[in-house]
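Before any comments, here is the structure.
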Amino acid sequence: MSYLQHSDVLDIYVEPYIQSGFRLPNQPYSYYYRSLFSLHNETLSVWTHLVGAFIIILQMLNHIQLTSSPYIISYIIYNGIGACVMLLCSAQAHLFHSRNLQDHLRLFYLDYLGINFYGFISGIVHYRFSRVDSVYELFNESTYYSLLSCLSLYSLSIACFCKFYYRRPYPFVHKILQCSGVLIVYVYQIWPIILQIIACYNCKSSLKWHFAEVLSFIASGTVFVLKFPERFHPGTFDLIGQSHHTFHGFIFLMGFFQSEATYRDMLQLKDQIKLQHLQKDIIYACVILTLELLIIYVSLRLGFIRLEKHYEKHLEKLHQNFNRNDGNITSDDYESIKKIE
Ligand SMILES: [Zn+2]
């Protein structure tokens with residue numbers, strides 16, 4: 001396959017400082033599946049999450065094998081599903097987002113849903129197993145769950161809003177809004193654990209894993225915001241080594257360390273967990289997932305019209321270039337694709 005330069009594609013498909021390795025737009029899905037096995041600027045972003053999801057599943061199976069409590073096994077699966085949803089939603093977004101505007105918006109909204117759904121699941125698991133009662137006395141369970149739900153829904157809504165409202169070059173407020181939701185949800189659930197780490201790092205075997213989890217989260221956010229190293233050498237790290245690859249690596253590590261930490265916490269509290277806890281947490285997760293799908297549906301309805309209007313002229317040009325016919329790729333297109341490939 002041969003690839004396009006950043007000036008040849010819509011700017012919505014272009015990340016800052018990435019200049020080459022863009023796949024063709026408006027191709028059949030098979031073209032994007034095949035692109036998994038060639039090196040372009042999204043290849044490593046997809047594979048880091050696919051491999052990450054595979055490792056999380058292996059880790060989950062290992063923890064299940066070492067556990068006899070059916071409730072703990074259910075929570076291991078509960079946490080593992082949250083992590084895999086996040087990683088796989090992100091992988092599919094990177095694989096197909098540059099196909100057309102509709103796919104771009106739809107798939108990145110699903111990516112945001114994965115991130116926020118995992119944020120919610122993590123909040124539940126942290127509260128259920130990693131709490132220290134004296135710290136959580138500030139919140140009773142209902143208050144904690146209600147606030148966590150509201151923050152998760154806010155986080156997804158603001159991410160969707162940023163995607164359809166702002167256009168490149170993004171103002172600084174875009175970055176603040178984009179990061180604020182995820183940051184608030186994470187800080188809300190992790191601060192009692194950070195207090196435990198500060199107070200007595202060696203008191204529980206899980207705390208060193210929680211510490212690694214927090215460091216990975218901070219590292220992922222830092223790399224994401226700073227765009228290091230491509231900021232200093234635009235175009236050099238397009239295919240290998242751009243900040244988004246490192247960002248994905250840290251996000252995987254965060255999920256991996258969190259699973260190790262909460263697994264140890266689960267073993268300590270396994271006799272206190274009852275069926276009604278599990279039922280409540282599953283119901284909460286289903287309700288949040290439904291509401292998040294609803295937010296995505298509304299955002300798509302609002303966002304696509306705005307996006308299509310903004311890129312109307314660019315799209316006309318693309319349609320002429322690729323000689324599209326009623327949304328189908330014509331035989332002429334296949335000829336032109338073959339030539340380019
Ligand atoms: Zn990503």
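Even glycines carry a Cβ here, placed using N, Cα and C.
Under the DSSP three-state reduction, His94 (Zn(2+) binding site) is assigned to helix. Residues or ranges marked as Zn(2+) binding site in TrEMBL: His94, His244, His248.
According to TrEMBL, the feature transmembrane segment maps to 44-66 (among others). With a threshold of 8 Å between CB atoms, the same-chain residues lying at least 6 positions outside the transmembrane segment (44-66) that come near it are 36, 73, 76-77, 79-80, 83-84, 87-88, 90-91, 94-95, 239-240, 244-245, 248-249, 251-252, 255-256, 259-260, 263.
Per TrEMBL, transmembrane segment is recorded for 72-96 (among others).
Per TrEMBL, the feature transmembrane segment maps to 108-129 (among others).
What TrEMBL records for 144-164 (among others) is transmembrane segment.
Feature annotation from TrEMBL assigns transmembrane segment to 176-197 (among others). Beyond the transmembrane segment (176-197), the same-chain residues lying 6 or more positions past its ends with a Cβ under 8 Å from any Cβ of the stretch are 115-116, 119-120, 122-123, 126-127, 130-132, 135-136, 147-148, 151-152, 154-159, 161-162, 203-204, 207, 210-211, 214, 217, 221, 224-225.
The transmembrane segment feature in TrEMBL is assigned to 282-304 (among others). If you look at the transmembrane segment (282-304), the same-chain residues 6 or more away from its ends with a CB under 8 A from one of its CBs are 78, 82, 101-102, 105-106, 109-110, 112-113, 116-117, 120-121, 124, 145, 149, 152-153, 156-157, 160-161, 163-164.
Sequence-distant contacts of the transmembrane segment (72-96) (same chain, six or more residues past either end, CB-CB distance under 8 Å): 29, 32-33, 35-36, 42, 45-46, 49-50, 52-53, 56-57, 59-60, 63-64, 103, 107-108, 110-111, 113-115, 117-118, 120-122, 124-125, 128-129, 248, 251-252, 255, 258-259, 262-263, 266-267, 270, 273, 278, 281-282, 285.
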